[in-house]
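The following features are taken from Swiss-Prot:
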- 1-18: signal peptide (SIGNAL)
- 25-251: domain 'Peptidase S1' (DOMAIN)
- CYS31-CYS165: disulfide bond (DISULFID)
- CYS52-CYS68: disulfide bond (DISULFID)
- HIS67: active site, charge relay system (ACT_SITE)
- CYS102-CYS258: disulfide bond (DISULFID)
- ASN105: N-linked glycosylation site (CARBOHYD)
- ASP112: active site, charge relay system (ACT_SITE)
- ASN123: N-linked glycosylation site (CARBOHYD)
- CYS144-CYS212: disulfide bond (DISULFID)
- ASN156: N-linked glycosylation site (CARBOHYD)
- CYS176-CYS191: disulfide bond (DISULFID)
- CYS202-CYS227: disulfide bond (DISULFID)
- SER206: active site, charge relay system (ACT_SITE)
Amino acid sequence: MVLIKVLANHLILQLSYAQKSSELVIGGDECNINEHRFLVALYHSRSRTFLCGGTLINQEWVLTAAHCDRFLMYIRLGMHNKNVKFDDEQRRFPKEKYFFACSNNFTKWDKDIMLIRLNRPVNNSEHIAPLSLPSNPPSVGSVCRVMGWGTITSPNETLPDVPHCANINLLHYSVCQAAYPKLPVTRRLLCAGILEGGIDSCHRDSGGPLICNGQFQGIVSWGRYPCAQPRVPGIYIKVFDYTDWIQSIIAGNTAVNCPP
């Protein structure tokens, strides 16, 4: 099973829910080797520990969750099996990191987003290609694809060597409001999962993409642990609501304000 719930291993929330770290997919299967050319893996530079997923959005920029940030980190692109390196796999380091100028932290969970500029651009190859930002907002009821190297079992964790993928449904925001009483009223979050449970993002899926109808619509952010509980969907950052900010940063306007 694909567990992609995000448990930030450096945070302990004093809330009724736990944040999913950058982690895995429960209830899924190994991803097709050709379906995740945009999926990247974030590692801690000193310990070489896998931290989170991320998404390559052009040759020089990666989008991930803010809670995945570490002072020293590197990024693997074109990776499938953690222990087997493709000829075209690339490694890059963050040159610049961008968060919202109006927020010094990401305790407001709808702002759990980080834009990373790579120290050198990457070229498209057999296992590397960017995923475009969404042109339209997602629709409730859409079938979405979630993926990552997060744990595939919960609460006892099993971290796989290969990414797992699973299909989940984009649910009405009220479903997550019922599951998480302290959830912000904001609509810049997406609610996605399977009401019956059994399929979910989980620990160390954080930062990875949620793809709905072929468009990059969400970033794995947080959820309840153990993962994949009935009527407790996962929370994802709504990428569409941040496209103007992302495009402004990429264009060089680093003083741009975040959305209200």
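Note that Cβ sites are derived from N, Cα and C of the backbone, with glycine treated the same way.
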Worksheet item: For the disulfide-bonded residues listed here, CYS144, CYS227, which shows the highest count of neighbouring CB atoms within 10 A?
Response: CYS227
Fill in: Most crowded position, judged by CB atoms within 10 A, among ASN123, SER206 as recorded positions
SER206
Discussion item. Say we define neighbours as other CB atoms within 10 Å of the CB. Which of the disulfide-bonded residues CYS52, CYS165, CYS191, CYS202, CYS212 has the fewest?
Written reply: CYS165
Worksheet entry | In three-state DSSP terms, the structure that CYS176 (disulfide bond) belongs to | helix
Practice prompt. Measure from the Cβ of CYS31 (disulfide bond) and count the other Cβ atoms within 10 Å, all protein chains considered.
Written response: 21
Discussion item. If you measure from the CA of CYS68 (disulfide bond) out to 10 Å, which recorded positions from the list ASP112, ASN123, CYS191, SER206 are inside that radius?
Written reply: ASP112, SER206
Fill in: For CYS212 (disulfide bond), the one of HIS67, ASP112, SER206 that lies nearest, given that the active-site residues are compared by Cα
SER206
Practice prompt. According to DSSP, folded down to helix, strand and coil, what is CYS52 (disulfide bond)?
Written response: strand
Discussion item. On a C-alpha basis, identify the one among CYS52, ASP112, ASN123, CYS191 that is nearest to CYS144 (disulfide bond); the candidates are the recorded positions.
Written reply: CYS191
